[in-house]
Amino acid sequence: MSISYAYIRYLKDQEREIVNVNHIKNFHPEHELDFIPNKAYMVQWLAIDSDDETEIDSNLQDPDSWYKAQILLLAASRKELEKKLEGTRVKVSKVFDTSVEDSSEDESASSSLRQEMLDSGKARKEKKKEQQKAKSSSLKKLLSERLECRKRSAVFGDEPEMKRKCHGLEMKNQELMTRNKELGAKMKEVQDLNIRLQRALLEKLSCPHCEKKDVKDPRNSKEVPTRHTTFPPSSPEIVPEEEPCGMERSDGPSKYKTTGDKVHIGQNVWLPVKTWEMLQLQNKNSVFVKNLAVAIWGSDKLKDKSVDGKACNRFKGNAAKPPLSPVKLDTMKACYEDRLERQNLSKEEFAIEQKKFKKFITEKIMDLNRTQRKKDQ
């Protein structure tokens with residue numbers, strides 16, 4: 001069955017019509033599917049549809065009678081084609097290639113060119129694969145060479161050499177650790193000797209004339225009465241009016257005297273020897289004054305006191321707290337001034353530091369109250 005008619009769509013004005021296949025340039029279909037849906041064909045347009053070959057041949061030379069069109073359906077006769085179109089929608093494919101060859105020779109040349117392009121693309125892909133393969137092998141070779149070079153270096157030396165170096169480092173580390181322990185023991189010994197030396201110096205410098213009175217004189221028929229009182233280790237005490245070592249009560253603070261595990265700092269105020277020694281080791285004057293106040297009054301009593309018994313200007317609604325004992329306060333001040341004298345300060349520096357005495361005590365009272373408020377929250 002020969003195919004004689006085609007249902008086409010002109011690309012320029014989207015018009016559709018049934019034409020004889022003889023009006024399609026270089027188109028000779030053998031069956032109904034022998035066409036490319038998304039290809040453009042050159043179709044001759046005639047004012048009156050005719051199957052006359054002479055009329056077609058006469059119009060071949062007229063370029064204005066040929067238009068690009070898309071073939072939608074093929075059939076053996078017009079009636080068959082019209083029957084296919086009844087009540088159905090014809091699928092219209094999108095035309096990608098609108099170029100139309102003038103002859104079958106051009107079509108074959110184009111197909112050969114397409115084949116050459118495909119072959120060229122395949123060749124490029126193969127070449128790219130080969131280049132990537134060569135590059136990968138080159139990188140692997142370079143990596144293996146560098147790894148071998150690093151293995152031959154000192155970092156990755158022979159195993160016996162590495163073991164020898166590791167053993168040497170372990171021995172050196174053990175030696176340093178032993179040396180460190182020895183130095184720590186020596187430092188502890190030096191610290192103990194230093195503490196004992198300071199304690200001995202404090203005992204000698206405290207009250208040399210009292211030491212003489214403690215020695216029994218066989219020429220005297222009466223001995224100086226001495227009363228030893230046991231003190232709690234956590235809080236200072238004021239001894240009775242009879243003072244040890246025959247000391248007489250005076251308005252100013254006396255020199256420091258050690259009796260048993262207590263040291264007299266003046267005005268009948270006694271502190272534990274260890275507490276007094278720790279106070280002497282303080283580098284800052286502020287820390288010395290604050291810790292001395294805690295040692296004399298204790299934290300619980302100190303936080304409920306004030307230096308002068310005056311109300312705080314910052315909190316005007318609060319009631320004034322009771323003042324600190326003037327006797328103990330004078331004793332503290334005397335100890336502080338004695339400390340400043342041993343620092344070899346100038347008169348100006350001495351006066352400046354002396355004025356900070358009450359400020360240090362006030363700061364300590366505020367710190368204690370602040371800590372208590374945090375505990376209560």
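Numbers here mean position along the shown chain, with the first residue as 1.
A Cβ is built for glycine as well, from the same backbone N, Cα and C atoms used for every other residue.
Annotation comment: TrEMBL describes 173-200 as coiled coil. Listed as Cβ neighbours of the coiled coil (173-200) (distance under 8 Å, sequence separation of 6 or more from its ends, same chain) are residues 273, 277, 280-281.
Taken from TrEMBL, the feature compositional bias 'Basic and acidic residues' covers 116-133 (among others).
As annotated by TrEMBL, compositional bias 'Basic and acidic residues' applies to 212-226 (among others).
Positions annotated as compositional bias 'Basic and acidic residues' by TrEMBL: 246-259 (among others).
As annotated by TrEMBL, domain 'BEN' applies to 266-372. Across the domain 'BEN' (266-372), DSSP helix (H, G, I), strand (E, B) and coil residues number 66 helix, 7 strand, 34 coil.
Per TrEMBL, region 'Disordered' is recorded for 101-139 (among others).
Residues or ranges marked as region 'Disordered' in TrEMBL: 212-259 (among others).
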